[in-house]
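One structure below.
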């Protein structure tokens, strides 16, 4: 109890004594004396009760310690009055009152003798009153608070959340918070209260408090009658429960709703799941019919609390009943006070026992539900007004259920569409069958849903009072009854540290509850009788007794009697029966009962909850995210808006980017950056809005997938100034790369394409190759090193702002595979033996060409000798490594040049390939707007081949500085593969216009190239004179493909190994280049041809590094393209070795591929993989199968030549490796100029790695050779170059 209240109690015990003039009189112990005694009691009781009720009103409308003390004082005075008058009545009439001839007098004297808490000694009485006051305050001041300090009151905050939120998490937070805040602190106090209350009523001759409460109903069969009524109503409830459970299943899914189990208690629109009408919107039978919830109309019409009470008053007066007295309007609390007072918001009607002061206390909000509550409370006051001239002892309902029923009877009329139309809240009252079902279901959600709750609360309390439910089982028994009768369960685990009954007002408020169950039966009996008096014809649910004086007269007779007659007699006078009966209720709901049974039969619903013990899981991340939007329809509207606006914004940026990439000028760069900023603003605006949704329980996976994708803002998450800096860095790095040139002493300058690329591809002059290789790295990579460091910082910051540990973690997340890195490593190890054999064979050929001075047969290969600037593809040195020079060589370049092929002819040929498969031809915009040759007008352009989607579903282009050769013909097919993918998924939402994973996009074109590059296909398009099918030709062909595909694999793997380590900090800024060459040595077996240092930045000499393009996609694509190829060849009916397959003109293969491409990013990539290959995993099996003949040949050849697999002389370089400079304390290590201590440490590390590497390589090579015909299986994801 409050400390201040404790100090006041000794004083209160004195002031609680009755004032002079209020004591019982001396009167004769006769029936005549009893008449005088009863008269004196009545006038005195009015004084005492007025004081007690006034004190209680003051406390309930201003919860302060002082008011609590005054309430306790007034309660003590009332109890002293009850005690003194009761004991006097017992003394004078205890032996004779039952023999009185006047039945009214008999009832009055009998009730005066029931003392209740007044039986208790003063100290216990004080304790009893204080417990009730404390419990009242705990309940009324309970709040649910958030981490940010915001707190919710029950009214209106929590009630609104329970009524309107559809967020599983938010509802759970409100439900759990309220039960913990309001219920748990009451547990010990309630146990004390039960002990004291039982003690008090046992002194009046009752077994316990429950027995006393039941005595008001004056029926020896009361409990049996209730059970009989409940059994009558149960089938209707079970059908309603099953229907509602199915609708909640549709909304929340199988995770949270079990169609054979109880319903989680927080999902039914009300804190106690006692009425379900607030979730009517989730289960409207006929949504196209007029909405019966007139809340919005009330708000729009400017209704306020006072007007709602005036409308209710007018209903009563229209029946010829009494209007509210002036005191009602002057003294009622009809709204929650705005002055900060703590009040008891629970709606209640008050009789001050002076026959003129009647009030309502309600924190009214303008809603339809509250309009009914207003009528309910006004019904109580009308009852008070009608029986105010009865003796105090008879100022009550005929039984407690009568009082509750009166206002609700009025609500049955008020809620009809015809009445709502009469008072201007509905434009029309359509009464067709569908509208009737809508109306009746809404009423059932209020009335029928309530019945088991109304029944069980006092079942629980009667068991508590009787001791059948001991304190150790308070909460267990509560939830047992709630599941047994209501078919609901707690949404979180509850135990005996909780006290969930206390979270319902009537428990701490000590208000018996069975009255509400009784009233829900009686109100329909009353309604039927009053409708008959009003001459209503038609179904009972359409009756409105508004303005019927006849109905009013019948009602008045019930009200005026108060409790002066038995309720059975009053009920009989109104209805013609003296028993409670569910017949009228069942008649009222008859149409919807039939409809519910039909609906449940259609969906084969289980009635009841046989899986009694089922409980829902706790939501992931709970209680985080409770304020997020969970309305799926709202999410769909948002995504529709996003899609249409994104198409415009993305198109504008892509156009500007195209202009810049095809004409590198400062102006075009500025425009591109401006459009990029606009796109970033759009991304961040919609990304932040997307983050406001919690899609975890959405039923449409597409909506969830897009929202999750949108929520990742990428670079747009950066502050605007840093975003501008980031974009400028990327633009500057890409520009530096694109305009870089290598100049000779005679001032002749060479761009990368086509000059340097041609030198690397065709020259066999060691020094000329070295000039191009070193010159390119000096001109490109070295110049962007400092910018790259800042780029890494900003990239990581953006990743962290998106919820990732670093940028590498974000890049890997695009593959939606937790084991992605492990899967890649497993794939690489499967493929490594093939690479090692190819490396050893090529190294021998280069040794034969360049000699021991430049090549070590046990060391790495100098990186500039492999025909490509980055040694990623070795196909340009095929002439040096050709296994059988006299056999047919597959090279279409001479024929292309001889036949006068042009870049456009190359693209047209590629288009023919795709259309031969039944795929989509290139649209006209493609031919009109693509840049397929390097412009001859001197413009600086980005030559790196790329395919472009302009996001308007019609404009797709390729930018390529095409050269007429076979290599570029393959590249053309690759880029056209991207465009075909664009065309296939162009009707997907913009968020899904992407590959199933980044590797898929890269693989599609290359799959075509695997067919295009076959001798059979080249012959069919007249680029090869003949197709020679023998082992030597096959090995030549497979070698040409392996120099492109297999040689690429370690490079495709290591590029992002390096970047991921840069992003996560494992590679520091001062070792960028050293670690780059460590990886190139480890995986590719390459070394730099000249010394390198940290002044160089060789990673930056590769386009994808300055351009910020992730690279692992290419490794992924090189694996999965063979899986695709194998599956498409099977669909095309190919027989024979996989490397001879050409799917040209196979519509079956085309359909398989097209169906997968149409998905875009709309499904996780394994589903697209399943569509094409029939299984969901990445695997190297198809690749190994494709190259099996070559692998067999390489192993044999290398064995014959005594080749060493790997590069055990890892520190060998083609220049002096032991050049020391004592003055600078540096050494040359792996081509790097580093400190001597670093070099020593590095040497030991690499020695250990080399030994492991050598042993592993030999083991894998032997293992593969001995079991090469076995399948290679793995799982993962992949891409291209």
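Any Cβ shown, glycine's included, is placed from N, Cα and C.
Annotation source Swiss-Prot lists topological domain 'Extracellular' at 18-1241.
The chloride 1 binding site feature in Swiss-Prot is assigned to 217, 515. Mapped onto three states, the DSSP output places residue 515 (chloride 1 binding site) in helix.
Positions annotated as Zn(2+) 1 binding site by Swiss-Prot: 376, 380, 404. In sequence order, 349, 403, 406, 407 make up the list of same-chain residues 6 or more apart from residue 380 (Zn(2+) 1 binding site) whose Cβ falls under 8 Å from its Cβ.
Residues within less than 8 Å, Cβ to Cβ, of residue 1076 (chloride 2 binding site) and separated from it by at least 6 positions along the same chain comprise 1058, 1098, 1099. Sequence annotations record features per position, and here Swiss-Prot assigns chloride 2 binding site to 777, 1076, 1080 based on sequence analysis.
Under the DSSP three-state reduction, residue 815 (chloride 3 binding site) is assigned to coil, being neither helix nor strand. What Swiss-Prot records for 815, 1113 is chloride 3 binding site.
Residues or ranges marked as Zn(2+) 2 binding site in Swiss-Prot (evidence: sequence analysis): 974, 978, 1002. Following the DSSP three-state reduction, the secondary structure of residue 1002 (Zn(2+) 2 binding site) is helix.
Per Swiss-Prot, the feature region 'Juxtamembrane stalk' maps to 1201-1240.
For 1242-1262, the entry in Swiss-Prot reads transmembrane segment.
Residues annotated as topological domain 'Cytoplasmic' in Swiss-Prot, with sequence analysis given as evidence: 1263-1281. The average pLDDT the prediction assigns to the topological domain 'Cytoplasmic' (1263-1281) is 26.
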Listed binding-site residues among 404, 777, 815, 1113 whose Cα sits within 10 Å of residue 1002 (Zn(2+) 2 binding site): 1113
Residue among binding-site residues 217, 815 with least C-beta crowding, 10 angstrom cut-off: 217
CB contacts for residue 777 (chloride 2 binding site) [other CB atoms within 10 A, all chains]: 25
Spatially closest candidate among 217, 777, 978, the listed binding-site residues, to residue 815 (chloride 3 binding site) (Cα to Cα): 978
Cβ packing number for residue 978 (Zn(2+) 2 binding site), 10 Å threshold: 22
Chain-mates of 777, 1076, 1080 with C-beta within 8 Å of site centroid, chloride 2: 781, 863, 1073, 1077, 1088, 1092, 1096, 1098, 1099, 1101
Surrounding CB atoms that lie within 10 Å of the CB of residue 376 (Zn(2+) 1 binding site), all protein chains: 23
Candidates 376, 404, 777, 974, 1080, namely the binding-site residues, that fall within 10 Å of residue 515 (chloride 1 binding site) by Cα distance: 404
Nearest of the binding-site residues (376, 404, 777, 974) to residue 217 (chloride 1 binding site), judged by Cα-Cα distance: 404
Among 404, 1002 [binding-site residues], residue with fewest other Cβ within 10 Å: 404
Residue 978 (Zn(2+) 2 binding site) versus binding-site residues 376, 404, 777, 1080, 1113 - nearest by Cα: 1113
Those residues of the chain, 6+ apart, with a Cβ under 8 Å from that of residue 1080 (chloride 2 binding site): 863, 1051, 1054, 1086, 1087
Max CA-CA distance, Å, over listed chloride 2-binding residues 777, 1076, 1080: 15
